[in-house]
């Protein structure tokens, strides 16, 4: 009688142990699934940031090359002239505007060359090397874009308002089309600068969360 009761207790304890083992396996499986979901969420977030990086680079390319092209084609000749003088305004009459065209062309060229690295960050969201490479060069070309845009802005301001202290006369009353073109080029260059800042901030955040 006692042996039968001991056997029943042993079987009962064995069943409890088996159930406890199954419960532990189930809990472990749930933890693995939860961790996998977190990893997928982080990867998807980084991939989304990489896709946005690519889109912003396309926008910056359009702005930079558009600014360079608009400035390079800015030219206006007044319909009247004298025997010895012809009144013309062109970007190559100003060394600052020449620097602007060259700088924005370099910026646009760099952005085009940076697209493959941006694509790599989409394919491999966890890769830190391409992001670090991009953030360094983005900072360099942001400096170039900002300096050229700021210098051109100063000349555009003088073209619109002149400077009485230096006896510099405003020319936009006579060369209206020319001033519209150079003003549009400067605005486009600052759009590129803003997009550069966004790109750098995004890369920095992505590297910080790596």
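Glycine residues also receive a Cβ, built from the backbone N, Cα and C atoms like all the rest.
Now, the feature entries from Swiss-Prot:
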TOPO_DOM  1-48  topological domain 'Cytoplasmic'
TOPO_DOM  70-98  topological domain 'Extracellular'
TOPO_DOM  120-131  topological domain 'Cytoplasmic'
TOPO_DOM  153-184  topological domain 'Extracellular'
TOPO_DOM  206-210  topological domain 'Cytoplasmic'
TRANSMEM  49-69  transmembrane segment
TRANSMEM  99-119  transmembrane segment
TRANSMEM  132-152  transmembrane segment
TRANSMEM  185-205  transmembrane segment
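When each of 49-69, 132-152, 185-205 is checked for Cβ pairs under 8 Å to the transmembrane segment (99-119), 49-69 comes out on top. Helix, strand and coil counts from DSSP across the topological domain 'Cytoplasmic' (120-131) read 7 helix, 0 strand, 5 coil. Across the topological domain 'Cytoplasmic' (1-48), the model assigns an average pLDDT of 56. Through the fold, the topological domain 'Extracellular' (153-184) approaches residues 70-71, 73-76, 78, 87, 89-91, 94, 96-97 of its own chain, all at least 6 residues removed from its boundaries and within a Cβ separation under 8 Å.
Within the same chain, residues 43, 46-47, 49-51, 53-54, 203, 206-207, 210 sit at least 6 positions outside the topological domain 'Cytoplasmic' (120-131) and bring their C-beta atoms closer than 8 Å to a C-beta of that stretch.
Helix, strand and coil counts from DSSP across the topological domain 'Extracellular' (153-184) read 18 helix, 2 strand, 12 coil.
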